[in-house]
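As recorded in TrEMBL, the features of this protein are as follows:
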type	residues	note
ACT_SITE	H180	active site, proton acceptor
ACT_SITE	D347	active site, proton donor
DOMAIN	148-425	domain 'PKS/mFAS DH'
REGION	148-273	region 'N-terminal hotdog fold'
REGION	286-425	region 'C-terminal hotdog fold'
Amino acid sequence: PKFPIVSNLSGELAGEELLSADYWVHHVRQAVRFLDGVRHLEIQGVTTYLELGPGGALSAMGQSCATGDEVAFLPTLRKNRAETEALVTAVAELHAHGVSVDWTAYYTNTGAQHTDLPTYAFQHQHYWPKNSFLAGDPTSVGLSTSEHPLLVGSVALAGEDVSLFTSRLSLDSHPWLADHAVFGSVLLPGTAFVELALHAGERVGCAVLDELTIQAPLVMPERGAVILQVVVGAGGEDGRRPVAIHSSPAGSVEDETWTLHASGVVAADTAAHSAVTLTEWPPREAVVVETGGLYEDMAAAGFGYGAVFQGLRAVWRRGDEVFAEVALDQDLWDEAGRFGLHPALLDSALHAIGVSGGPAGLEGPGLPFAWTGVNLTAIGSPVLRVRISEGRGGAVTLDLADGTGAPVGRVDALVLRPVTAEQIDGASPREGSDSLFRLDWVPAPAAPTTPVTDLAGEFEVLVVPGSDAADAGVVVDVHNRVTEVLARLQRRLSDESAGRLVVVTCGAVGEVSDLGAAAVWGLVRSAQSE
């Protein structure tokens, strides 16, 4: 043979026998020694195999026969793949595995030409793709996609009049949230809960947020993400539906990890609303209120808002009414149209509450707690004119208009509450909550002791070791040890010169391993309470 051939009959290099008829008769009738042939080629140092045949069956068999880690089997044809594509792929893989390919012969009669490479260094400029905050297509798992920036998709639960909206939020996917920091922790603003509830309600035909109460703040993790769920329940006879917003740390979706952050009711928009226009601006007879230093004062009080949440532009006061003009950060204007009302914009409007005394005597910053009668008549405005008036029970009413004074919406009542650093810290996710480590009681050998029944009064501490009663029954052991310790306690306490008394037990707390010691522990605790 012109090229060396390994025979399937012997598993070794073949010679002149290939030219005989007997060889091919034996080739048909005898066993194929394919494994031996592959091993022989390995001994000869072959690491790359090219299969010339109708498919890749031999390549798969050869891969299972080879013993080396760097061995490659490359078929030139593959089932259900275009022949040209399969051949080009095989040639490319040969080149990648270090095999010398005659590219001149490969490109003969193709019209390909040599191209000179640039003689100067590459001018590096990166065009990194922006990460999407959701990997994959939500429709592939039965979700309807959502155009809302805070939601990914929704699904109607089978057999129930319930809709579920879900999302994944992080400071990477929504970096503007990082500007809403309270006592050093980034909180999802309460206005975001309102936006979520309004959008979910509108999707099921209930465009009015009758009421929403913030149950717990949502502290955004510095790293990682949270899974958000908005559940709109079945409607009652009056058409009103319950709504609830929960979150869970991403990657930990057990039942016990879900936290309820807000709950309320959405309803159909059937009532006639008296739209308030604020075209006369600034309002007649309103007095300008100085706002310089407002955000510095808020930061000193623990509300460290960044530029996105510093949207308050001007404030006026007229009697018990406060008027404010707020604007969304310029970088977010393009995104404003995807919201009903951007949470940062509505949150900035609330900063006017408390300025110069504020409605209802509110002093200092607070966080939204309870919303009533929230209704939007227009969406997507990046600028707001706001009228804040005093309501009942310390609540305030907000009338909202756009930059031209046209009505945008109304909040019938809003109650704010002060918040402390301890409350925020208690709601913050704990580092290591998913740790592989845990606290536990670890048995420790007791130091050798000698029973002591009588010590001089000058000793302040008396150590009473438990008796050794391993062979006694449990009831007898408990009785004997409690009786012994009780007698010692009585003698010790009757001595007026006695100092502090310390009773040491082993295996009495945590995972109790000594019932007698546990009984002694209970006795001493009872004595302490008397």
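Cβ atoms are placed via backbone N, Cα and C, with glycine included.
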Nearest-integer angstrom distance between the alpha carbons (Cα) of the residue listed as 'active site, proton acceptor' and D347 (active site, proton donor): 10
Secondary structure of H180 (active site, proton acceptor) (DSSP, helix/strand/coil): strand
Residue distribution over DSSP helix, strand and coil in the region 'C-terminal hotdog fold' (286-425): 39 helix, 55 strand, 46 coil
Number of helical, extended and coil residues in the region 'N-terminal hotdog fold' (148-273), per DSSP: 22 helix, 50 strand, 54 coil
Per-region confidence, the domain 'PKS/mFAS DH' (148-425) (mean pLDDT, whole number): 87
